[in-house]
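Taken straight from TrEMBL:
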| type | residues | note |
| --- | --- | --- |
| ACT_SITE | S94 | active site |
| ACT_SITE | S94 | active site, nucleophile |
| ACT_SITE | H119 | active site |
Amino acid sequence: MPIGVPKVPFRIPGEEDNRLHRERLLFLGQQVDDEIANQLIGIMMYPNGEDENKDIYTYINSPGGTVIPGISLYDAMQFVVPDVHTICMGLAASMGSSVSTGGEITKRIALPHARVMIHQPASSYYDGQAGECIMEAEEVLKLRDSITNVYVQRTGKPLWVISEDMERDIFMSAAEAQAYGIVDLVAVDNTEDLL
C-alpha cells in the first residue's frame, strides 16, 4: 500500500492485498510525518470495527519526527479498541519514543539491542515577526506539557523527573528504557543459544 492518504483496505476477488496489514502488523520505520501518521492511523482504524479481540502490533525504528502527527498517532493508539503492542527495534528517538510509550501497558516491548531517546520538542519553522515568535513559543510549551504528561502517565515517573530528563537528550538501552517505564519487557536474545 503506497504512503499517502489513508486508504480503506478491501479485497477484490483475484487481487492481492497487504498481508502484513491484514495480520495487523504495522511498521514505523522512518521519521514521523503527516503521511506516515495518516497511513498508520487509517490502517489502525479499519480493523477497529472488524475484530476487536485481535491485537495490533506496531514495530518502531524511528529517529523521531514532527510532533503533531506523532501525537495524533499516539491518540489513535489510545482510541482503538484492540490492544496495540509496540515493539521497539533499532532506535525509537524523540517522537518515536513517545509513540512507543503509547502501546498497551504490559505490551510494550524492546528488542535487546534497541535504543530509546527522549527530549523536549523543538521548533524549526519560525520565520516571521516577533509577535509570531512568542505565539509559536507558547504553542511549543503547550506541546511540551502534553508530551511530558504522556510520559508521566505511561511511565509512572513523577512530573519533575520527566521534566528534568526532557531538558536534554537522554539515550537509553533497552534495559534502561524498561527500568524507566517506556517499555515493559525486553525480548530475549536468542543468539546466545547459537554460541
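Each position is counted from 1, following the chain as shown.
The backbone N, Cα and C atoms fix where each Cβ goes, glycine too.
Predicted automatically and left uncurated, TrEMBL annotations should be read as such.
Looking at H119 (active site) and S94 (active site), their Cα atoms lie 6 Å from each other. Comparing the active-site residues S94, H119 on other C-beta atoms within 10 angstroms of each C-beta gives the minimum for H119.
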